[in-house]
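As structure tokens, the structure follows; a few thoughts come after it.
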Amino acid sequence: MVDYHAANQAYQYGPSSGGNGTGGGGGMGDYMAQEDDWDRDLLLDPAWEKQQRKTFTAWCNSHLRKAGTQIENIDEDFRDGLKLMLLLEVISGERLPKPERGKMRVHKINNVNKALDFIASKGVKLVSIGAEEIVDGNAKMTLGMIWTIILRFAIQDISVEETSAKEGLLLWCQRKTAPYKNVNVQNFHISWKDGLAFNALIHRHRPELIEYDKLRKDDPVTNLNNAFEVAEKYLDIPKMLDAEDIVNTARPDEKAIMTYVSSFYHAFSGAQKAETAANRICKVLAVNQENEHLMEDYERLASDLLEWIRRTIPWLEDRVPQKTIQEMQQKLEDFRDYRRVHKPPKVQEKCQLEINFNTLQTKLRLSNRPAFMPSEGRMVSDINNGWQHLEQAEKGYEEWLLNEIRRLERLDHLAEKFRQKASIHEAWTDGKEAMLKHRDYETATLSDIKALIRKHEAFESDLAAHQDRVEQIAAIAQELNELDYYDSHNVNTRCQKICDQWDNLGSLTHSRREALEKTEKQLETIDQLHLEYAKRAAPFNNWMESAMEDLQDMFIVHTIEEIEGLISAHDQFKSTLPDADREREAILAIHKEAQRIAESNHIKLSGSNPYTSVTPQIINSKWEKVQQLVPKRDHALLEEQSKQQSNEHLRRQFASQANMVGPWIQTKMEEIGRISIEMNGTLEDQLSHLKQYERSIVDYKPNLDLLEQQHQLIQEALIFDNKHTNYTMEHLRVGWEQLLTTIARTINEVENQILTRDAKGISQEQMQEFRASFNHFDKDHGGALGPEEFKACLISLGYDVENDRQGDAEFNRIMSVVDPNHSGLVTFQAFIDFMSRETTDTDTADQVIASFKVLAGDKNFITAEELRRELPPDQAEYCIARMAPYQGPDAAPGALDYKSFSTALYGESDL
């Protein structure tokens, strides 16, 4: 330090080395020249000079007292340069050259020049201030020099929002006094005359020292003295101004006011740093709390969706068949209700869950936080796998329902057909066993025997005709067994009874023939006409019975072609009716001829044809029945034809709409894929275009709703196929859901890109360059790059990731950042996040640790009281609940470890 006491030795006079100081940059010199508005050719205003002397003297003494000295007369005590050099050493904290020992003028000039050279070395241009004027006690030059020192060492470093020192100090005063009434700081002279601004500055930082509400604007002297006394007593700021001088001066000296106000700024700068540190911590904690809330929402939504999938899949995998078609149709209705009501909200939840997950990951990357890893079993991939399992079970369940309904329809048809044929057969066999067991031939005449033989032959013919029916009954019963008919036991019992009875009839028929043939040799007369009648009547009667069966037979058709085939067969049957009618007339003519011969020959007949039980009345009755059934069959076929025509109309209507909607969905999917790759214009333009595109898609929803209505009509009509279109309702539903999901995901990607761009300060040109590079290597236009494609993209952008050991290590590090889940793919969003991190600064754990250290007063730990004093209540309690106790050797009671807490926020340790 300068030995300002060593001034006793004799000086030798020599040439002056005074003059302006040198050095300093142009920028700093220009700044000082702007601040220095001294008119060096004129004398100072006496009032201003008085204020400056008092203020500058007090300011110098506030620093010189640290060295154990002071000045009394500012233009006299600096003349030898010793205290001037000492002042510069105190305020700069640097050593100046050793002063010259001697009291001669040359020694004083040299000492002052050393001080001026030191000032110039700090980038200050000393305009018209020379050592000779200071040594000669020039008051104006001395005050100007001190003002230059004050500007450089007390005011220059004050900067608020990149303003100059004077403007920064003024802006600081304006901000701190803004909430106070009657205070309007616009300058450094008249704005301070009433003293309220000084009191407001003190009250803003130390409210316990000033009772501001009791101050009056019309009592400036009291206000000024109150502020000066409080500042000197409690803030260690010496009294640099005189209240009466300020009040009685029309325009107080600006430099004196600035000097005094700068002392307040430096006194309160510590509080400003604490406020900045607290704001930084609050910002970091707010981001962390928001991310935790998003993580909790994701876990809850994912858990609910997976639970719904877990409950739904067993229901869809239930394949227990029902006994009746009504029960299966109820199952089908329940399934349609699931498709219409229960599933669509879950599809929307799944899409929203993916969007929330991507947004959360983007926010974590932007805030330099580790990627979010959901709980085990709740990853997006787990949800997609569960959803895929659900879709597979759903598809299999619908196919099973339709197959079961077809099976039950087939079973109902076969069961009814079995009952009809069995009833007809049982009616035919009724009494046949008793007839075959009858021993009437033992007492019959020869003619009777011959009649019995003929009758038996007719019966055998009838029996042979019924063989087909029995085989059909057995075949139907077998098919019912194979299709697992629920009442197959009764069917089998009835079928077995019919077969056993049929075998017994065959055996009885054979035995009776042998008995009749044994006595046939005794019989010679036979009525040929009755025989001919019987032989022709029996087949004709069987034909009529078969015709009645066919006319009453149930039919199930599903297409126009099938019903037209039935109509054609029916028309062909009707074309045979004239021949059948002629056959009937011929048979009746035989009976009439027999009656005529008997009457003409006075032959007494027994009344019935001995060879057959088919009388003309039966033939006529059955013929009338056939004639009645034909128009009924016509009506039934025409009704079914109308139904199938209606079904065909439904098919064509659905196909027309589906063939329009299906290609539209495919076209939109392709256009979205192209838009997501090309991405022309700004991101905002792209987002607006995509949202307009999304609205056009949503506006198309009525076409899909119309298709759903048409599909409902088709299902109600039990139409199972449609040859007019390859699109199914399920296919179109899936396509629509994928379209909505794709456009929502694309919009979300652009929004995340905007978020990334704004957060990281990426220009539109950079974003377009990144997109162009990404698209160039995205050969398959899949929206993601494989490792080799990503490496090529990085190399094209100038990253040193060549195929050597060092390049491989760097590339593996980059891959762990852009692909934390190790999926083997790098999305464009991850690529943008990486590029933005490489080109912009982000907050770090070290910054947060430094901020906590400011709040803790440079201690290695912080207390709960300090956190509650500096942070908002909720964030203070958040820190206290999560900070571990400090274990260091300098730990105090209640000490908390803010370092481990800060690193945990950035994933560098565990909370």
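Note that the numbers count up from 1, one per residue, in the order the chain is shown.
Glycine too: its Cβ is placed from the backbone N, Cα and C atoms.
Confidence over the region 'Actin-binding' (1-269), given as mean pLDDT on the 0 to 100 scale, stands at 79. The region 'Actin-binding' feature in Swiss-Prot is assigned to 1-269.
Annotation source Swiss-Prot lists region 'Disordered' at 12-31.
What Swiss-Prot lists as region 'Interaction with VCL' is 12-26 (among others).
The region 'Interaction with VCL' annotation in Swiss-Prot covers 40-61 (among others).
Residues or ranges marked as region 'Interaction with VCL' by Swiss-Prot: 108-126 (among others).
According to Swiss-Prot, the feature N6-acetyllysine maps to K114 (among others), an assignment based on similarity to another entry. Here the Cβ of K114 (N6-acetyllysine) has 22 other Cβ atoms within 10 Å, regardless of which shown protein chain they belong to. Classification of K114 (N6-acetyllysine) by DSSP places it within a helix.
The annotation N6-acetyllysine is assigned in Swiss-Prot to K214 (among others) on the grounds of similarity to another entry. There are 7 other CB atoms within 10 A of the CB of K214 (N6-acetyllysine), with all protein chains counted.
Residues of the repeat 'Spectrin 1' (293-403) grouped by DSSP class, helix first, strand second and coil last, total 90 helix, 0 strand, 21 coil. Per Swiss-Prot, repeat 'Spectrin 1' is recorded for 293-403, and the stated evidence type is sequence analysis.
According to Swiss-Prot, the feature repeat 'Spectrin 2' maps to 413-518.
Positions annotated as repeat 'Spectrin 3' by Swiss-Prot, on the basis of sequence analysis: 528-639.
For K592 (N6-acetyllysine), the Cβ neighbour count at a 10 Å cut-off comes to 13, with all displayed protein chains included. For K592 (among others), the entry in Swiss-Prot reads N6-acetyllysine, with the evidence type similarity to another entry.
Under the heading N6-acetyllysine, Swiss-Prot lists K625 (among others). Secondary structure at K625 (N6-acetyllysine), as computed by DSSP, is helix.
If you look up Swiss-Prot, you'll see 649-752 marked as repeat 'Spectrin 4'.
Residues or ranges marked as N6-acetyllysine in Swiss-Prot (evidence: similarity to another entry): K779 (among others). In the shown protein chains, 10 other C-beta atoms lie within 10 A of the C-beta of K779 (N6-acetyllysine).
Marked as N6-acetyllysine by Swiss-Prot on the basis of similarity to another entry: K859 (among others). A simple way to gauge crowding: the CB of K859 (N6-acetyllysine) has 18 other CB atoms within 10 angstroms, across all the protein chains here. In the three-state DSSP scheme, K859 (N6-acetyllysine) falls into the coil class.
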Contact between the repeat 'Spectrin 1' (293-403) and the repeat 'Spectrin 3' (528-639) (3 or more Cβ pairs under 8 Å, separation 6+): no
Rounded to the nearest Å - Cα separation of K592 (N6-acetyllysine) and K625 (N6-acetyllysine): 22
Assigned conformation of K779 (N6-acetyllysine) - DSSP reduced to three states: coil
Spatial separation of K859 (N6-acetyllysine) from K779 (N6-acetyllysine) - C-alpha basis, Å: 56
For the repeat 'Spectrin 3' (528-639), the number of residues DSSP places in helix, strand and coil: 89 helix, 0 strand, 23 coil
Rounded to the nearest Å - Cα separation of K114 (N6-acetyllysine) and K859 (N6-acetyllysine): 41
Neighbour tally for K625 (N6-acetyllysine), based on other Cβ positions within 10 Å of its Cβ: 16
Residue distribution over DSSP helix, strand and coil in the repeat 'Spectrin 4' (649-752): 87 helix, 0 strand, 17 coil
